[in-house]
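These features come from TrEMBL:
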| type | residues | note |
| --- | --- | --- |
| BINDING | D462, D468, E471, E472 | Mg(2+) binding site |
| DOMAIN | 42-154 | domain 'TRNA-binding' |
| DOMAIN | 408-484 | domain 'B5' |
| DOMAIN | 709-802 | domain 'FDX-ACB' |
Amino acid sequence: MKISINRLKDYIPFDQSTKEIGDLLTAGGLEVEGISIYESVKGSLKGIVVGEVLSCEPHPNADKLSLTTVDIGTEIVPIVCGASNVAKGQKVPVATVGATLYPSSGESFEIKKAKIRGEVSLGMICAEDELGLGTGHEGILVLDTELPNGSGVAQLFDIKEIEVLEIGLTPNRADAASHLGVARDLKALLNKDLVLTDVEAFKVDNSDRTIKVSVADSQDCPRYSGLTLSNVKVAPSPKWLQDYIKAIGLEPINNVVDITNFILHDLGQPLHAFDAAKIQGDEIQVKRLPAGTKFVTLDGKERTLSGEELMICDNSEGLCIAGTLGGLDSGVSDQTTTIFLESACFGTDVVRKGAQFHGIKTDASFRFERGTDPNMPVFALKMAALLIKELTGAIVSSPIVDLYPEPVADFEIPVSYRHVDRLIGQEIGKERIKQILESLEIKVTNETDSGFVAIVKPYRVDVTREADIIEEILRIYGFESIPLKDNYQADFLAEHPDKDTNKLQYRVSEMLAGIGYSEILTNSLTKSEYAEKASFLDKEKDVIILNKLSEDLGVLRQSLLFTGLEVLAHNINRRQKDLKLYEFGSVYAKASEGYDEGKRLSFFLTGNATRENWMGTVKPVTFTDIYAIVEGLLTKLNIPQPDVNVVESSPYSFGLELMVNNKPLGSIGLLAPDVCKLADVKQEVYFAELDWERLSKLAKSQGKFQEISKFPEVRRDLSLVIDQEITFDQIRQMATKAGGKLLKRINVFDMYKGDKLEEGKKAYALSFYLQDNQQTLTDKVIDKTMGKLMHTFEKNAGALIRK
């Protein structure tokens with residue numbers, strides 16, 4: 001955000017240097033990231049002086065050049081000039097040796113001592129375009145001035161140099177997103193009075209063009225104000241306004257639009273000017289339009305409305321996306337003579353949703369999304385109307401329409417002196433506290449020996465708690481004013497992260513990176529709609545953010561799933577479809593008492609497992625790939641291979657719950673398409689999420705070693721068709737009993753439910769691993785064991801065996 005020092009001085013007269021003001025604001029919480037200088041003419045004509053041509057003779061070696069001698073005050077210098085209009089006795093602008101010229105077109109260049117066709121030239125007599133003052137190049141610029149020779153030419157042309165503060169505004173300080181907002185902080189930091197613009201001269205000239213206004217929902221638009229001005233003459237803005245607009249990083253458009261931009265950056269109140277002749281029925285309606293409605297915005301793009309954005313409409317169509325961007329056909333043009341000027345307070349959520357849906361970011365939406373002052377619209381209207389009258393010759397042709405059905409009340413915050421002293425770290429006098437707060441326009445009431453009630457105006461959306469009040473006191477009092485103590489106390493018994501856990505995480509990260517996985521880091525804040533639409537999440541356990549920045553960042557996540565899927569969608573949309581990702585992250589949930597926070601390790605696998613090459617074709621990822629990475633991780637950490645239960649519910653189409661010592665360790669599987677769709681992922685995704693805290697506790701630094709069996713392991717596969725009510729755990733228990741010591745483990749590598757099976761049936765594809773530590777298994781023994789297993793499944797589970 002760019003703030004003009006000149007405009008700040010209109011609000012708060014001060015003598016400090018710009019750097020001192022920047023340091024003061026930074027110490028007070030508004031970080032000044034840099035200071036720049038806006039020049040109305042590039043280079044500010046430095047090194048360009050008034051010269052008087054004393055003589056002008058033809059160049060002896062060039063027909064189109066002249067030899068001149070010019071008095072530049074400090075000396076008389078020879079200059080070779082190519083202009084046909086140069087003559088003795090003229091006052092001219094001279095670029096002296098060492099000066100840099102910034103022409104209206106082309107590159108800048110430095111004036112150097114030169115020899116032109118054999119004659120010495122110590123400077124340059126300049127044309128208008130060579131000085132950057134215009135485009136004229138018919139000849140040199142002849143000055144009509146009585147200034148002494150050697151005087152700076154800049155004083156003839158009202159050259160402005162405006163120092164500009166570049167402030168990195170934090171999201172909570174919506175109140176400071178303007179010159180007035182910064183001036184309010186400066187008022188408190190300097191302990192000076194604030195000089196507001198006087199709008200007492202505002203008056204209504206007639207009521208010839210009153211426009212009716214209706215608001216469908218005051219939650220979307222708590223306040224809507226407007227007025228009409230006629231006899232408007234749209235033209236370029238005067239130089240002072242153009243300089244201000246350019247200094248803060250904008251481009252001048254015309255006097256009306258420039259005034260609305262001036263008010264936005266000066267007061268923090270966005271305005272919008274409509275061509276009143278294009279408002280059908282002389283009525284403004286603030287409402288939503290049906291989803292699918294087409295609307296062309298000011299940038300010429302046709303947009304399809306979602307039905308959620310708030311629109312400013314007339315009797316027949318939309319005119320503007322409220323608080324975001326105007327329509328192409330309803331704005332001010334050179335032919336406009338009557339305008340309707342809007343000044344409103346729109347709801348933060350409705351503007352944010354509309355701007356995000358259409359991918360629009362404007363200065364207006366930036367402020368409305370964070371919250372504007374509901375008490376500013378009418379003042380801003382009056383100030384803008386006075387400027388428009390002054391600069392365009394307009395008259396006010398309607399009273400101010402002001403719909404404000406439920407005025408926003410001030411915040412009342414009880415504050416304890418004891419809490420102030422405890423949080424700040426030292427005692428601050430009561431009178432000093434009161435003085436600081438009142439300098440911030442926070443009223444102190446109901447004072448007692450123990451505390452008071454602070455009355456905070458609605459524009460301070462970031463000050464809602466006692467701790468916020470104390471922070472305001474501290475930032476004005478000054479962090480540097482709190483002395484360092486000689487004796488500090490520290491609780492060395494407090495809980496700290498387990499270093500071994502951090503080392504383990506590093507080991508696992510190295511292992512995963514080594515086999516081609518990329519680590520991601522996602523935001524713990526996510527959308528509440530995920531818990532609403534995903535059946536495996538419990539919406540009642542959502543941890544809701546009270547002062548959320550947006551609906552997309554409204555709750556703390558219960559799982560790493562959806563934030564990871566958003567990363568997949570982002571990459572897939574950029575043609576990166578083969579992905580292997582992992583993340584260490586925290587998850588959160590409401591508990592019966594307080595909140596639970598846990599750490600998880602997640603895996604995402606999608607696309608192809610191998611790249612196309614001359615040795616063979618690509619292979620898509622399968623369940624085996626995701627299972628192998630989890631199995632390999634557990635082996636690496638010396639954790640026993642888990643028991644598994646089949647998961648046949650969301651978020652998986654087919655999944656397994658991993659159990660160690662009869663306690664859940666995590667889950668793994670193929671995500672259901674409807675789950676992927678919530679994050680706009682349209683390809684198959686394999687996902688695993690493990691309880692990292694439990695995994696860390698189970699991990700052993702040194703494994704139990706045993707001799708590798710001399711006798712081979714044998715794998716046999718079976719496909720069983722069974723009733724859907726029968727679980728994999730039941731199948732595993734049957735197999736363990738029937739297979740005896742020879743059955744080392746059993747895995748599921750596929751599961752099917754569909755039209756090819758009878759209703760109520762499902763199919764498991766199972767792998768059985770057999771091994772005898774004393775001898776090599778013969779086919780006879782293997783067949784006998786598999787026969788026992790099949791018989792058990794047929795008898796106890798009613799299974800149909802597919803060999």
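Glycine too: its Cβ is placed from the backbone N, Cα and C atoms.
What TrEMBL says about a protein is an automatic prediction, not a curated fact.
Just so it is clear, the model here is predicted, and its values are computed rather than measured.
Features as recorded by TrEMBL, highlighted on the structure.
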| residue | record | contacts (Cβ under 8 Å, 6+ apart) |
| --- | --- | --- |
| D462 | Mg(2+) binding site | N172, R173, A174, D175, D468 |
| E471 | Mg(2+) binding site | none |
| E472 | Mg(2+) binding site | I436, L437, L440, I442, V463 |
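Sitting within 8 Å of the Cβ centre of D462, D468, E471, E472, and not among those site residues for Mg(2+), are the Cβ atoms of R460, V463, R465, A467, I469, I470, R475. Secondary structure of the domain 'TRNA-binding' (42-154) per DSSP, as helix, strand and coil residue counts: 9 helix, 43 strand, 61 coil.
Secondary structure of the domain 'B5' (408-484), assigned with DSSP and counted as helix (H, G, I), strand (E, B) and coil, comes to 33 helix, 15 strand, 29 coil.
The average pLDDT the prediction assigns to the domain 'TRNA-binding' (42-154) is 92. Secondary structure counts, DSSP: the domain 'FDX-ACB' (709-802) has 34 helix, 33 strand, 27 coil.
Counting every protein chain shown, the Cβ of D468 (Mg(2+) binding site) has 18 other Cβ atoms within 10 Å.
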